[in-house]
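Comments concern the structure below.
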Amino acid sequence: MGKKRINEVSTTEGAPAEKKKKVEKWLNTSSEDGEGTKKKKRPWRNKVRKLAAKKAAAERRVENSEESTILEPVATAEEATKKKKKRGPKKKKYKPEAAEVEKKNEEGDTVKENPIAEAKKRLDAGRFRMLNEKLYTCTGSEAFDFFKEDRTAFDLYHRGFADQVKKWPNHPLREIIRWLQAKPDKQAVFDLGCGEAKIAEAVGEKHTIRSFDLVAVNDRVESCDMSKLPAEDGSADVVIFCLSLMGTNLYDFIKEARRVLRTGGVLKIGEVTSRFVSIKQFCEAINKMGFETTNRRQLTDYFMMFDFRKIDKVEQKRPYGLKLKPCLYKKR
């Protein structure tokens, strides 16, 4: 009956406005009666059902657990050992002391190293860089006082320096030793900043060698500040600075070297090439302090060697140009 009436209404095109209003009113009333309408959702019912389901599931779990504790038989000793066998042996815990790292030495052979020892090496290398920076950025007297209080720091520095030297393709010290070996006459040689006194070890029988450094690492070394040498005026034929012009008071070192040298004596300097701001200005500055340049040459791409002869005339005590950049190692 409802469909018939809808069809009749749809065919009445062009009907007057009053008739249309009646039709719309009838359609609204029919929709209210329930034809073609959806039921309203009741979300609170679903919530209640979910809570009830959860509660029931929890109760079932409690019941099941109680039953299992009552009915489960106790395992015998034999069954327990069988279970252990099935599990297999326990994995050994990782012990860093026992672990070893394979590395290649200088000969190319694989060498096993303990990671703890490796970590200690890295710490020592870091402290060496710190000490190295300190030596290049303080005066000689400050460095002397520092190492006097902490002898272990000096030992650590020299170990680190020895490790660095192993990586160098050449060392100016070898050139100086060859030069001294070629000297026919016996010379009084002062090795300033000597380290382990390698010059005294190599040519000590041929020449009279006095080795000076901030700390005496062996019997051949005299401990002192290089700007205050325990020696008389004009007592040396040769004064050597091999990679040892490290303090900020370079003028004091050169002045002291001139004091202990006899007139005509040789001041020999071996230094890293990259430290020089200007090689020409460096030589001119030393010449003004009472020397003349007799030899200047580059040993390799890394090192320079200078020979100066002491003369009587001193033009300036603190000339311009006597400057060296600090030789700092890159941080890793």
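Just so you know, glycine gets a Cβ as well, placed from its N, Cα and C.
Since the structure is predicted, the reported quantities are computational estimates derived from the model, not experimental observations.
Taken from Swiss-Prot, the feature S-adenosyl-L-methionine binding site covers HIS158, GLY193, ASP213, ASP225, MET226, CYS242, and the record attributes it to similarity to another entry. In the three-state DSSP assignment, the secondary structure recorded for ASP213 (S-adenosyl-L-methionine binding site) is strand. Summarising the environment of ASP213 (S-adenosyl-L-methionine binding site), the number of other Cβ atoms within 10 Å of its Cβ, over all protein chains shown, is 23.
According to Swiss-Prot, the compositional bias 'Basic residues' annotation covers 38-53 (among others).
Annotated compositional bias 'Basic residues' per Swiss-Prot: 82-94 (among others), in sequence order.
The compositional bias 'Basic and acidic residues' annotation in Swiss-Prot covers 95-109.
Residues or ranges marked as region 'Disordered' by Swiss-Prot: 1-109.
Under a cutoff of 8 A between CB atoms, and with a sequence separation of 6+ in the same chain, the neighbours of GLY193 (S-adenosyl-L-methionine binding site) are PHE212, ASP213, MET226, PHE241, CYS242, LEU243, SER244, LEU245, MET246. In sequence order, GLY140, SER141, PHE144, LEU214 are the residues near ASP225 (S-adenosyl-L-methionine binding site), counting only same-chain partners six or more apart with C-beta under 8 A. DSSP assigns MET226 (S-adenosyl-L-methionine binding site) to coil in the three-state reduction, outside any helix or strand.
Under 8 Å, Cβ to Cβ, and six or more positions away along its own chain, HIS158 (S-adenosyl-L-methionine binding site) finds GLY195, GLU196, VAL217.
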